[in-house]
Each structure stands twice: as C-alpha cells, then as structure tokens.
Amino acid sequence: MDNNFKIKDLPKNERPQERLIRYGAEVLSNSELLAVILRTGTKNQNIMMLASSLIKETGGLDQLFNQSIEELTKIKGIGVTKAVQILALSELSKRFKTYKSGNEYKINTPLDVSNLVMEDMKYLKQEKLKILILNTKNIVKYIRDVFIGTLNSSIVHPREIFCEAIKKNGASIIICHNHPSGDPTPSKEDINITLRLKECGKLIGIDLLDHIIIGENKYVSMKEKGTI
C-alpha cells in the first residue's frame, strides 16, 4: 500500500495545501508543492517526507523532471500513478517555459533557441536532433524530432531535414542536438553535418540559420563560432 499517510494526516498548520490557500503558492517550498501534487505518502513516509526525499534522491527538480517512467518507478514509494503525475507536471513546466502569447516564438539570437529547447534536451541520455522551422519573420512555426541516436553525417540525411521544412512552407531552419556528456563542444561530425546542411539549404532556398549544440545548462552556436 502506498497511501497510509495523506496530507490530511499532518497537523493542519503543516499541510501544504492549507498553507497554499492561506499564504499563496509562492511561500511553499519545492517539496511542499510536490506534496500537493502527489497527495499521498507511503507506509513508512508521510507525503512531505516522500516529496523531500524524492527531490534529494534524484538530484533536484531539474533531474527529477528528466527521469523516465522506468527510472521513477524504481524509486521506493513511487508507483506508476505517482510517476505519471510527475511526468505530466514536468511536461507542463517545459511547455510553460517555451510559451509565448499567441503561441508565437521569435528567434533573434542563439540564446532564444537555447531557451526554447534547453529544458527538454539538457539531460537526455541519447543524442536527439530537432529541427525548428521558421517563417520569414523568424517565428518558429513547427518543431520536430527527426533523429535519436549517435549523429554522424552518413546517418543525418539532408532530405529528411529539408523535407519537413518544405512540407511546412518554411523560410529557414535551425537544427539543435544535444551532447549527453554535458559538454557542447562541437565534434568534427557536428561541423561536417552543419556544413553539409548549409550547402543543401542554399541549393533549395531554405537557409540553415544555426546549429545549436546543447550541453548541461550551456550551449554552442555554430553561427557564433563562424561555421555558418
């Protein structure tokens, strides 16, 4: 059983839900906010203890929100239901961070790209390649994952990249991929892929504006490095 201790079993002045109602969500700690979402503890831990240990065990909210359902359910006290709640909360937080009024996100600098994809990519355990398709005003109209796995120029085919841009009537594209090591320093393959896509873009009239490599809370822009 994983529902022996509930929020209502805590003293009223210690219940995070009561504190939120009385004082506002901003006064609650991360553990308290997580406790409000998860609601129930375990046989040996009340919900506050469980929420606190969960954040500590995973290394903080960033790491917690990048766990897979398999990883979460290996943690003592976390079943499928709680894992699903955490994953849903994680996805909402990522979407909110990239939300813009009117659902428009304009790219002016490489930092704008990083802000858009960092939360989703910085802790991935495999390399993932994303394509951002922009209109003539540099507003992101479409984002798609086009490849997962070790990137090299023989696998990443320009046809797959630019086919999406053509379908969506894109004026230009930006590609992003992550380095699971956390170090965004470009490899020779990264540079080769960038140059190949740049030349293909020129031929078909859809410019490659940048190639952003994501590390752990840092990034490298091929445009800033002069590769593009």
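Just so it is clear, glycine is given a Cβ too, placed from its N, Cα and C backbone atoms.
Feature annotation from Swiss-Prot assigns Zn(2+) binding site to His177, His179, Asp190.
Annotation comment: Swiss-Prot describes 106-228 as domain 'MPN'.
Across the range of the motif 'JAMM motif' (177-190), the DSSP-based residue counts are 3 helix, 2 strand, 9 coil. Marked as motif 'JAMM motif' by Swiss-Prot on the basis of sequence analysis: 177-190.
In this structure, of the binding-site residues His177, His179, the smallest number of CB atoms within 10 A of the CB marks His179.
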